[in-house]
Amino acid sequence: MAERFAYYGIASNLISYLTGPLRQSTATAAANVNAWSGAASMFPLLGAFVADAYLGRFRTILFSSLLYVLGLGLLTVSAILPSPSFPHNQNTKDHRSCLQFQIILFFVSLYLVAIAQGGHKPCVQAFGADQFDGRNPDECKSKSSFFNWWYFGFSGSSFISLLILNYIQDNFNWVLGFGIPCISMVAALVVFLLGRKTYRYSSKQDNSNPFLRIAQVFVAAARNWRTTPSTAAVVKEEEARILLPRHGTYQFKCRFLDKALAMVSSDQYGSDENWKMCSISQVEEAKVVLSLVPIWATCLIYAVVFAQSSTFFTKQGLTMERSITPGFEIPPATLQSFISIAIVVFIPIYDRIIVPIARAYTGKPSGITMLQRIGTGMFLSLISMVVAAIVEKERLKVARDSGLVDMPQVTLPMSVWWLVPQYVLFGVSDVFTMVGLQEFFYDQVPNGLRSMGLSLYLSIFGIGNFLSSFLISVIEKATSRGGQDSWFANNLNRAHLDWFYWLLAGLSVIELILYLYFAKSYIYNRVSAI
């Protein structure tokens, strides 16, 4: 929870820091936020590899926490330095050098935080799920609820971060806004170490590197592409210690991987048997990982939609009436707290009311399957984009009717509460899709790759942020030709975010259709997952 408090304390209001103290344009700042968020969601692939193949989850969490503290500390130091908007002596050589150093230090610190959370995020959740014994029926059932309540705590901490840190950053200073997350991570590290003697560590049945085991299948299949596997060539002894339940695995149409089972002469490719012939368990592991690719790919647009809540939604809120009482305004980034509120309110309803009712009808322990849960959230995210487009169209109409189109600094006579429904829909969709993706990618990968499984889930949002950044850049160039105002003009009263939201809604429809096609034909690799 402390790590999410720290991360969202930086990420949620990053666009305000870039367009404020660092004086970047809206489009540039949004692209930088998406690029950083994308990198932060891709680094878990590296962190999971290190954890699963070398260090283990406990040590990866420990080293990542130390790097986190370093990154946040340096980020705080960068905020102490004079900002680019500092009015005095801007043309002096010393000022330019200080400014350049501050910007470099800021981005280096920011990406240190991204690298640190890349090791921390996939491992700490997998480490938590490892505390439940899958062979115990009661603990197995509790593990399903674990992912719900994990996301409950995750969202609660991000809510506190949005409520407190965004207000401090907007109304006091950024030094405190970055310093408090640093202190929270130090406290979290201390608490984590205090419990080290009580943790349950999962023991590996196979000491081989799980990544090499899967890589060997693809290499062997490529080498043996002209041969035909026979059952006599299969390594039988592996069947006794197979890591994956065999439920439905062979029904996945990856026939070319069966080439890895073929027996070849020992002098054809050298003496390394592992890279020219693989066992049944290795081939099944590779097939399982490959079978996740269609589900992974059809969730990318959901991630593009998800990226908008911390960028353009925040900039919209900045133009609207945010007063609660005279002299007190809601910081625009705090509106993201409605996502967390929706999650915190809806998860107990889902876990304690919806799941038991669904379980009574379907007979499934989780009420509905993981893929049904993910698809439901994707549909809700589509609806949120439709709502966002309608609200933005109304905001532009208010700007025109009020004669404020060319006065972007003047607050529009439209309440910021108009934005709440799209945030709430985001939150409810997260309960379905986010939690469903976490459980799906943890449960469906081989036992030795569970950190990697969660990093694959996180990489959806990394690629999604990169796609969002790419899409924004392309649309910015295409719509600003001939001196026209682009869809993302700095003056949002002349921009067309509503058209962008309609575009995302259309892409979400296509994505959902493709997702339903692949989800319908997907075969779960564990009976408990059904």
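Glycine is treated like the rest: Cβ placed from N, Cα and C.
Sequence-remote contacts of a segment are chain residues at least 6 beyond its ends whose Cβ falls under 8 Å from one of its Cβ atoms, and for the transmembrane segment (62-81) they are 3, 6, 10, 21, 47, 55, 98, 101-102, 105-106, 108-113, 115-120, 123, 173-175, 177-179, 181-182, 185-186, 188-189, 192-193. Summarising the annotation, TrEMBL assigns transmembrane segment to 62-81 (among others).
The transmembrane segment annotation in TrEMBL covers 101-119 (among others). Long-range Cβ contacts of the transmembrane segment (101-119) within its own chain (Cβ-Cβ under 8 Å, at least 6 residues beyond either end) map to 3, 7, 10, 22, 36, 39-40, 42-47, 50-51, 60-61, 63-65, 67-68, 70-72, 74-75, 77-79, 81-84, 455.
According to TrEMBL, the feature transmembrane segment maps to 149-168 (among others). Non-local neighbours of the transmembrane segment (149-168) in the same chain are 1-2, 4-6, 8-9, 12-13, 125, 128, 176-177, 180-181, 331, 333-334, 336-337, 339-341, 343-344, 347-348, 351, 427, 430-431, 434-435, 438; each lies 6+ residues outside the stretch with a CB under 8 Å from one of its CB atoms.
Here the transmembrane segment (174-195) has long-range neighbours at 1-3, 5-7, 9-10, 13, 17, 21, 61-62, 65-66, 68-69, 72-73, 75-76, 79-80, 161, 164-166, 168, meaning same-chain residues at least 6 beyond its ends whose C-beta is under 8 angstroms from one of its own. Look at TrEMBL and you will find 174-195 (among others) tagged as transmembrane segment.
What TrEMBL lists as transmembrane segment is 289-313 (among others).
Residues annotated as transmembrane segment in TrEMBL: 333-350 (among others).
Outside the transmembrane segment (371-391), and at least 6 residues removed from its termini, the chain residues within Cβ reach (under 8 Å) are 295, 299, 302, 305-306, 308, 313, 418-419, 421-422, 425-426, 428-437, 440, 498-499, 501-502, 504-505, 508-509, 511-512, 515-516, 519, 522. Residues or ranges marked as transmembrane segment in TrEMBL: 371-391 (among others).
Annotated transmembrane segment per TrEMBL: 454-475 (among others), in sequence order.
Look at TrEMBL and you will find 499-518 (among others) tagged as transmembrane segment.
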Long-range neighbours of the transmembrane segment (289-313), counting only residues six or more past its ends (CB under 8 A): 11-12, 14-15, 30, 33-34, 37, 214, 252, 254, 257, 333, 335-336, 339, 371, 374, 377-378, 381-382, 384-385, 388, 419, 422-423, 426, 433, 437, 440-441, 444-446, 449, 456, 459-465, 467-468, 471, 488, 497, 500-501, 504, 507-508, 510-511, 514-515, 518-519, 522-523, 525
